[in-house]
Every structure is written in structure tokens, then in C-alpha cells.
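Annotated in TrEMBL:
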type: DOMAIN; residues: 281-352; note: domain 'FYVE-type'
type: REPEAT; residues: 20-51; note: repeat 'WD'
type: REPEAT; residues: 195-228; note: repeat 'WD'
type: REPEAT; residues: 238-272; note: repeat 'WD'
type: REPEAT; residues: 362-395; note: repeat 'WD'
């Protein structure tokens, strides 16, 4: 069921430790059990499985529990060994895992949503179970009584959720690309603010309570770092994936961001650099370099007796330019552009080799990732793919 990998260590690359196979469908969520050689997985095949590493070096299921509906998400609290499982029928089921990790005991059932549960979080300090669903709602329940404490309706179905314990702020990302910040009380919530920077739906959120920074990933292939604590509205864009971003995790001790995507990429971003905001794109009826008219500027086209040109934008200065004045490409890592992008000729000449130095490293997981989880104590990364395989990685060569 699970093959142990004996890799040859390579400098500055994640090391594949194990592959766990044997699922009948994709694993929507899996977590590493801290301080144990174990993994908990929930799958579209309606199973919860607890995998423990045996003396042979292979992972075998010590618990194989069949659920009444496909499992869409999960949250695990190591202190209480409480597993909260969201399902496609809108129900959240809660279990307690035995100390020897060999038995699941059903604890509570929450009728949380009218559609599939997309994210579930258990907050031990508040005894709250937070959940979001495809029914365009965010709800929170009391885990002691099972009573629903409150609900909030969103404009689109929710696909990302994070919670800040200190301020009781919930960060909710949805399919319209919007992020909503809510202030939660025991039985009510208030809207703090909303912001939107993605052209696609929000697919992942990661909150760093120390720096008070929120990272959002999207189906538009981009990541945005929102400086919530700085109160200046700073938003830094990161472009390093060729498909939708599926998972984000911030390692505060090394100031590195780990992102995974459907393209199979594992990207390690150095956030200990001074990054720059991408400029707003400027509007113009003619090229702001050569002044040739764009194709909708009929008056200037007639006056100059010239054919109108297509409009482009320089990613460094934001000016509206024609193709001839932006024929060159460059990386701009400090602006988050790790791939080559269009820049005007004058900006291309101004970018130094030092400014082109990469601020991220790229690694191939060799499967299309749908879920990731990082365990910082050992520096392990778990990825789950569309190939129905869970992979366990040692990230210490690259997250250090």
C-alpha cells in the first residue's frame, strides 16, 4: 500500500520520503500527525484512514473508517486528538482518535451546510468549529454543546478560511476572488472589510499572526500578500505557477512561503527581501512611448493616416505601450515576476542583473497537487494529488 523511498540526497531539493497509495479516489485532505510517524487522510472514496509507519518502513492503515458520504475536508487538533471531517452532504462529523491511534470514537454531528463543506477548522481556545460551504455560507458551532452560534452569507461559495485567535478575525475567501474579514463574537459577527485582487477564485489562504500578513492563492495562478497589520493596504503579487495555486504555508522562522499548485510545482519564496507592489496599469488612447494611436483612437488614426495598434502594458512601470515599444521580456523577482513578462524597452534597459536574481526556487512534485500541509517541527511537507497518491517530503534542504 505504501512504498518507502530511499532517495539519494540532492543539494537544495526536497527529498521524497514516502508515497502512500491504495486509495480508490482522490485524497481531499491529509495531515501529518506531529511527533508521530503517522498521517490522517480523508478521501472522496468515503474513508478516513490513519496511517502509521511500521517497522518495515511502510505506512499501513491502523484505522479504516467508512463514512456515509464523500469526505471533502478535515481538521485535526493534536492536543485533543479531535478530527473534524466535512462532507459533501453538508454535515461535519467529529471523532476522537485513541492515544494509540488505532480507534476512532464518534463524538458529535453538526448539520452545518446545505451544500458540500469546503473548509473546516477547530479552534480549541474558543471551543468553536468553523466551517464554510458551497451553499455560500460561513458558520460556527460550539463544540461543547453542538449548537450553531452564527452564520454569515457570502456572495459566492467559499473556498478558503483562516482564523486569528488573538483578534477573533475570520478570513473568508470565495469563488468571486474576494476576501472578507469578519469579527466573530460568541453568537454574532460583524463585517470588518472586504478586498479583491484576484481575477479568479480564491483557492487557498494562509495567515501569519506574527507578521499579521495574509497570503491568498487563486485559480488565476497568482499569490497575493496582503499586509493586514501594516494598515497601509499594501498588496504584493507573486507569480510563480502555471496553473491554479492549491496550497500555501508560511514558515516564520525562515521567512519563507511554500506554495503548491495544480501544475505540480512546489515553490519556495524568500519573503525576507524588500518586495515592491506591482504598478496600476495606466489608461491611454495612444502609446505612452512613441505616441502611436491604439486601434480604438479613430480621430488620431484619421489625423495621422495611420493604422491603430494593439495596447499592451509594461509590468514594471504600468505604462500603456505598443508592441514595438515593448518587444523585450524580463523577470522582475522583487515585483513577484519569477517568469519573464512584458516590459517596455526603457524599463528593460534599466533592470540590473542583481534585480533579475531569483527570489524563489522551483521544484517538481511529479503529480498535480490538490492539497498540501507543512509540518514545521520536522520540516516535512505532505502533498496529495489527482493521481490518488499522497507524498511525504523532507523540506529541510530548501526551507532553511
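Here the Cβ of each residue, glycine as well, is placed from N, Cα and C on the backbone.
Curation plays no part in TrEMBL annotations; they are all automatic predictions.
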- Message: Test of understanding: applying the rule of at least three C-beta pairs under 8 Å (pairs 6 or more apart in sequence), is the repeat 'WD' (238-272) touching the repeat 'WD' (20-51)?
- Response: no
- Can you count helix, strand and coil residues in the domain 'FYVE-type' (281-352) using DSSP? 19 helix, 20 strand, 33 coil
- Tally of residues which DSSP labels helix, strand or coil - the repeat 'WD' (238-272): 0 helix, 21 strand, 14 coil
